[in-house]
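What TrEMBL says about this one:
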- Lys214: active site, schiff-base intermediate with acetaldehyde (ACT_SITE)
- Lys250: active site, proton donor/acceptor (ACT_SITE)
Amino acid sequence: MVRVIAKSLDTSILDNVHVDKYSVEAQIEKILLKYPVHESKNYVQWLIKAVSLIDLTTLSGDDTRSNVTRLCAKAANPLPFLDEKVKTRTAAVCVYPNRVGNAHDVINRMKLTKEIQVASVATGFPSGLYPLHTRLQEIKYAVSMGATEIDVVLDRSLVLMGKWETLYQEVLQMKQECGTAHLKVILGVGELGTYENVYNASMVSMLAGADFIKTSTGKEAVNATLPVGLVMCRAIRNFYQQTGFKVGLKPAGGIKTSRDAVNWLVLVHTELGPEWLTPQLFRIGASSLLDVLAKDIKLTCNGIWPFF
Ligand SMILES: O=C[C@H](O)COP(=O)(O)O
């Protein structure tokens, strides 16, 4: 099915959205209590699945060619202690635009361009508070250096002022600039004020062509939280029901423990179904989670076939 994106925003989709804060939080508790995956005998498989869904990220001011090279090597073989048969890779690496060329070279040399995507943040990450023309140039540059996925940030002020049409037009232009690269739209949920804003920003981004909606940059004071994740899942589900298109979800920022990661998998599995738990439709953006998952996987399956 060809995705047709309208030239202007149909604002009727934003009408009458009301999200009950208490009900969202209560529903999260219910979901997690109903699926105590961390107690299940398949727990280690959930952890390995989580590894395969990571966008392995480095977004530091002191990133260099060498640490990006190490990041790519880790993405190619994140669980070196596992048996070949159950080995996996992370879904992507995620870097700043100036490091995209380094990541692309390494992954290309390893002949893994089909298996590991190169994602670049862009558009004045993390604030988005730059002129549109320079934000668009960043996308163009990252794509020309080999990025296959572009993680753009919204200008949060447009959401806070309810300038939905302007927001729509900006995302539309970002989508066009991406060409064949996938567009992930970072909402910056910790700075959007209300769940209604999160829902509406999700909807506007998807209508304008987002392939993924992503919670956070990892640089806000509040990053990926499960209640916000539930609101975004509901937006994705409603968008799918209305248009027939499946948009992906990427929680990012502050996901640091195995339990955090598995809780996100449970949420998506429950709200959107198991078909969403693939790299095409779900990612976890994280810089330090992989080491923790690897340690827990090693501990959980120590010496037991088929993992060693
Ligand atoms: O997109 C990914 C985030 O920037 C990573 O955040 P983190 O360092 O809290 O894992």
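Glycine residues also receive a Cβ, built from the backbone N, Cα and C atoms like all the rest.
These numbers come from a predicted model, not from an experiment.
Considering only the active-site residues Lys214, Lys250, the Cβ with the fewest other Cβ atoms within 10 Å is that of Lys250. Cα of Lys250 (active site, proton donor/acceptor) to Cα of the residue listed as 'active site, schiff-base intermediate with acetaldehyde': a distance of 4 Å. For the recorded site, Lys250 (active site, proton donor/acceptor), the DSSP three-state label reads strand.
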